[in-house]
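Per TrEMBL, the features are as follows:
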BINDING   G95, A96, F127, D214, E215, V216, Q217, T272  pyridoxal 5'-phosphate binding site
BINDING   R130, S271  N(2)-acetyl-L-ornithine binding site
MOD_RES   K243  N6-(pyridoxal phosphate)lysine
Amino acid sequence: MSALMPTYARLPVTFSHGEGVYLFDTEGRRYLDGISGIAVNGLGHNHPGVTAAIQDQAGKLVHTSNLYGVGPQEELASRLAEISGMERCFFGNSGAEANEAAIKIARLHGHNRGIEKPAIVVLENAFHGRTMATLSATGNRKIQAGFEPLVSGFIRAPRNDLEAIRQIAVNNPDVVAFFAEPIQGEGGVHPLDEDYLRSVRALCEEQGWLMMLDEVQTGNGRTGTWFAYQGMGFTPDVVTTAKGLGNGVPIGACLARGEAAATFGPGHHGSTYGGNPLVCAAALAVVEAITGEEVLANVEQMGALIRDVITSDQAAAPRIKEVRGRGLMLGFQLDRDCPGLVQEALEAGLLINVTAGNTVRLLPPLIISEQEARELAEGVANLIAGL
Ligand SMILES: Cc1ncc(COP(=O)(O)O)c(C=O)c1O
C-alpha cells in the first residue's frame, strides 16, 4: 500500500526523465506529452535554458526569505510588469496561493472603502484552486462537498451572462470585484466571450469593482499571447498566474495595477518561500525563452494544426460535437463520455486528459514541432475514432 494519501486516482505509470515533448517511464517506454503536467511544462522537459538557470542559481543561493532583498525576485517582478501592463507583483508558490492573494487584495480594497462584508463575483463552472477560499470561489459543487462551511463573500453568476452581472450590481452594494478565468480550464475548456469580458471591464469601472483574471492556466503563452486578455483591448486590475511560469518549479504570481497595486502594505500578506531566488531564476529563464524564441507564434500555428488534423479525420469528426479553446489550450467535446480514453492513450504512448467527462483536453508543450503536433493529433484522432 502506498504511504501517500490517495487524493489522486493515478495512472499506472511513473516517469524517470523527459526531453522536449517526450517523457520516458521507468521501463524505458517513450510517451508524447500532450498535457505538460497540466499546462506547466510549456517549454517541455529539460529545457536547456531553464535547466541551466536552476543549476546555476542552486550553486549560488536557494533561499533567504522575504525578510531581505531578493535580486531575481525584483527582476522577475519587473519583467512580468512590463509584459502584463501591471505595476506590482506578489509571489507565492502555486496557483491557489496567487488567487488567495487576489482575493485578499479585493477584500482589503473593499474594507479601505468602508465595505465591511466585501463580496466577489465569480462564475459557475469556475476552478480557482483547492485552498478554502479558492475552493469557495470555485463553481463545482462536487469538489466543495464535505468541506463546508465554505468561505463566504462570493456571489455566483452564469458564464457569459452580462445581464446577470448587471443584476448583481443593482442588488449588491457590497461587491468589490469580478474574478474569472478568461478560458475555464478544469471546467471543460470554455472561453469567455471577448465582448462579455470587455463589457464586464466597463461595468467594473462604472461600479468601482476590481476586474481580476485568473490566468493560472491561460497565462505564460498558453493561448498564443502572454496572457489571454492581451489583444482583447482592455487591461484588468489584477491578474494571477502560476503553472507555466516556472516550467515545473513551484511559483505563483499575483500582479496588480492602479489602486489594487497599492492595497497591500507590510504585514498584509506573506509567504516564507514565495519568490525565492531559485524559483525566480527559473521563471526568468522561462520568460526569456517564451519572449525570445518565437514560441508564441508556434503556439498559434501548432494549435491550428492540431485542430485541423483532428477535425478533418473522417472517422473522428462525427464524434466531435464542439472544439473550444485558443492556442495550445484545446478541448474537443465528444458526443459521448469517454472514461477509458486516457488509459487507452497511455497504452498508445500519448499523454492526454479528459475533463468534464466527455471533453478531450490537450495542453502540449508550447515548443511542440510540426511533426510532433501531427503525431499527437493523429494519435488522438485515432483514439476518438475507436470509441
Ligand atoms: C485556472 C486555475 N486556477 C487555479 C488553479 C490552482 O492552481 P494550483 O494547483 O497550482 O494551486 C488551477 C489549477 O488547475 C487553475 O487551472
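Residue numbering: from 1, along the chain as shown.
Note that Cβ sites are derived from N, Cα and C of the backbone, with glycine treated the same way.
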Here are some recorded positions: R130, K243. Which one has the most Cβ atoms within 10 Å of its Cβ?
K243
Find, for the listed binding-site residues Q217, S271, T272, the residue with the lowest Cβ contact count at a 10 Å cut-off, counting only other Cβ atoms.
T272
Under 6 Å from ligand 1 by C-beta, which of these binding-site residues make it: G95, A96, F127, E215, S271, T272? Sequence order, please.
G95, A96, F127
Can you see whether DSSP assigns G95 (pyridoxal 5'-phosphate binding site) to helix, strand or coil?
helix
Give me the long-range Cβ neighbours of D214 (pyridoxal 5'-phosphate binding site): same chain, 6+ apart, Cβ under 8 Å, in sequence order.
G95, N99, A102, A126, H128, F179, A180, E181, T240
CB within-chain contacts under 8 A for A96 (pyridoxal 5'-phosphate binding site), separation at least 6
H128, G129, R130, T131, T134, G252
Do me a favour and check the Cα-Cα span between V216 (pyridoxal 5'-phosphate binding site) and the residue listed as 'N6-(pyridoxal phosphate)lysine'; whole Å is fine.
6
Within 10 A of the CB of E215 (pyridoxal 5'-phosphate binding site), the number of other CB atoms across every chain shown is 30
Any idea of the Cα spread of the pyridoxal 5'-phosphate site, G95, A96, F127, D214, E215, V216, Q217, T272, as a max distance in Å?
25
Using DSSP reduced to three states, classify Q217 (pyridoxal 5'-phosphate binding site) as helix, strand or coil.
coil
Structural state of K243 (N6-(pyridoxal phosphate)lysine), classified by DSSP into three states:
helix
From E215, Q217, S271, T272: binding-site residues whose CA lies within 10 A of K243 (N6-(pyridoxal phosphate)lysine)
E215, Q217
Cα-Cα, E215 (pyridoxal 5'-phosphate binding site) versus S271 (N(2)-acetyl-L-ornithine binding site), nearest Å, comes out at 20
Lowest local Cβ density (other Cβ within 10 Å) among binding-site residues: G95, F127, V216
F127
